[in-house]
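Below is one structure, written out as structure tokens, with a few remarks after it.
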Amino acid sequence: IQKKRRIVARVHCRNVKNECPKPTCDEPVLYPGRCCKVCPGDVNSPDVQDIPSVLTPDEEEKSVKHFATLLTGRTSSTFRRDDGSPSVGLEQNTNNNYVAAGRFTFHRKNLYYSFYVSNPVHRPRALQFADFEGNILWEQALFIEGVTSVYQNVTGKVCGVWRRVPREYRRLLREEKMFVSLLWGSADQEQQILSGQVARYRSLSTELFSALLQPAAGTDSLIMNGAGGTAIVSASSSAPSIHVSLVFNGIFSPDEVAEVPLIVRLESLEKQQVVLQEEVKVEKPAYELNTVEVQSAVSSAELRLLTRGKLVVSIASKKKPAELVLKGRVVTRATCEIFQVTSLYTSTLTSGMAWMYMNRDGSLVYSVQLDELNQDAPMLVLVSSHRSGGRRSMFELEDLTPSLNHGWANGTLDRLSPRELEQLYAGELALNVATRTEPSVVRGRLAPRPMADARDSHSPVLLKRPNETAPATLVGMAWLAIDSDCTLHFEIVLSGLTSEDENFKLYLRTLPFIAPGAPVFKRYMDEFRGSHVEAFVMGISQNEFLRIDSGVNFLEVQDHNSGMVKLNLLTCLFQIEVPLSCLPKYSDNDVPGSTSILLDSAVPEAAKCYHETQFYEEGAQWTSKLDPCTMCNCHQNLVKCDTVPCPQLTCASKTAPGECCPTCTSDATQESNTSITRGCYLAGQFYPAGKSWHPYLPPTGFELCAVCTCDAKTLEVHCPRVQCPPLTCSEREAFRPDKKACCKQCPPVTLEDGQLAMDQQNANGTLTQRSDKDILANGGCNYHATGEVFDNGHEWHPKVHSHGEVKCVICRCKQHKLRVSTVYGMLTVSSQFQHLCSFMQSAQKIPETVMVSDVCSDSPDTVIKHYGY
């Protein structure tokens, strides 16, 4: 099953009828639902069960371990792009002859790949694995925008891994029926491609050096178009010798078809010294791939030239040695790998981590971190460690102490001997820290690990115990990286465990920044047992990647062996590079707010607010640090602040220094005669004895209708509500002058016709007549239906021309607004009155339900809805 030339599934079918066993009776029968005939009465089914043979992991690892490939213009097959057009080989579009050589290592169902490219400046965009028919089996982007690989930049290699290779594809790998391709150019433009067949070569298991062969200067570019090669170089220091396997093409003349002689040479161009030169013959030259091998004994000095990258290997035609020749410098082997301390022994509280790798020139780049190194004059030494006669002995190789500064040692070793290089690849080198009195304070063995995913990050981090509850010898090293598919890869290596069966859980904690009470986003990553785990986390959203990219991250290892959860190891991740494609994309007019980032699967432990360099819990209230007369609260991740209102006092008062509101003078005098610490606490706030204040009730703010007082004698808080004066009107007529007013007020008394009011009364008891303008200024209403002006609070029944006064409808003026009351559910009215009710109801606002009595109802209490318009 294919999708855009990519195989997403396969179906295998076969006819098993020909595989049925022969029945033992003369007249066998075929029962329904069976494939094979059986004798009558036979209940056992002879049907062939499709049980494929399964190799054990160890057997499969031994059968498929090391592979290599050569990618040149001659080995590249023409593959089709997604749009159906053919891809173009590099040699057809450029004047340069591009060559690439790859190495593959199969380990635990994962296929690690490494490449040397002839022009490392122009790195390939993507890598593809395909079958012989050109069907893409797997594809991976090699360029990740926003992420930089230090290792690949220094070594010039292309590294990666194909994880969990399906069984069917592993079979293709064993049978050498798989192609690999490197692609240049964007996916929507013309692509350039180099491809080659993945094959096994015997010398790969002992390879120490590699070479990428290209046409030498002065060769015939027309004949050698698309030519190239790779060399697999092995060496032995015990009996100095060199073995070279060459895979190549393009150095044959058109008339050379059999038994073609070639010259293989290994030489030092600086010293004009030939280390090896042999003549070999190719029985039948091939256009795509040819293989030859040479071996020779050498001196120790010549072997040292090899380890230091001073030798050049070449293969040339004997007939035309100047026109048909491939040449390349012998460098560090093409396999991407790193050497790290996987186990650490310590006799003190000192811990550390170390990692190293070989650069292209054959130098060893090292980085060492030591923690809690309190010893005087420590010595950091690279030693060879091997066991002899039941005892482990150490021999000093290189002194790294000069580069040790403030717990870190970074540098490069330029001169590794052939023997030291063999021990490094065999995992027999170690780092040792010694003092004048202790021969080994801390030491760890260096083990080779393939470079991919998590280990391809900038640097690892040291996991340390946050407190003394964890074992003193427990230490760990962690790698983290994010790939182009937005998958978080990690590797944890622990040392100093009391048992290999201990159970741990791994978490990633993210804070927006370091501040008191900051919210914590906690991501569960994995649960593992033992000292090592390498896994990945998928499905992380873009919002969570944004928090990881912009926040402060901590990696913690929790111990779950006992019934109690203990935090054993912790570290701060100073730098996690997140690909730009994994981050949310916002335009200038579409910037997310502080709450939108929280809408995610990994929510914080509690919603919090940030204000004045500190985080506060949801529902908390506090006094502003910048203004002590401002109270703030946290509600739904938002901060709201209000200025402290001062209650009205009926006594002689005085504002003390540092206070916001005045205090009665007698209480202040009493407070000054006693301890200034006497007072009351309410909602976490301290109030001196005798002080009065309005209570602060989040999220609405200050409650002005109550006054709290701290009793100077009992130090108790009493918060009685403000006592309102009795109303001289009904509750329906009363109103609040503003929203925060504690007490209602009555409207002024008016006459029935709304034109006269007892607004002023002189000594003779006469009434003064007010104008319409005065009535409207005091909250009156203009009734447009009749042109009349009514006082604030006045009620009347509207009049309909054909029906007269309608008793079932009440109009009321309140604060310049007309409100209409109708009997709920009233149906026995004329069509004209229904039109009036519909008109009034069409202008409704928020309904207010009350109980009234009206002549339109037989019940003394009828539900009426009030509407305003």
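Just so you know, glycine gets a Cβ as well, placed from its N, Cα and C.
TrEMBL has this to say about the protein:
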{"type": "DOMAIN", "residues": "63-203", "note": "domain 'CHRD'"}
{"type": "DOMAIN", "residues": "205-335", "note": "domain 'CHRD'"}
{"type": "DOMAIN", "residues": "337-451", "note": "domain 'CHRD'"}
{"type": "DOMAIN", "residues": "607-665", "note": "domain 'VWFC'"}
{"type": "DOMAIN", "residues": "678-747", "note": "domain 'VWFC'"}
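Taken residue by residue, the domain 'CHRD' (337-451) breaks down under DSSP into 12 helix, 68 strand, 35 coil. Between the domain 'VWFC' (678-747) and the listed ranges 63-203, 337-451, 607-665, the one holding the most Cβ pairs under 8 Å is 607-665. If you average pLDDT over the domain 'VWFC' (678-747) in this model, you get 85. Taking DSSP states H, G and I as helix and E and B as strand, the domain 'VWFC' (607-665) has 1 helix, 27 strand, 31 coil.
Taken through DSSP, the domain 'VWFC' (678-747) splits into 0 helix, 23 strand, 47 coil.
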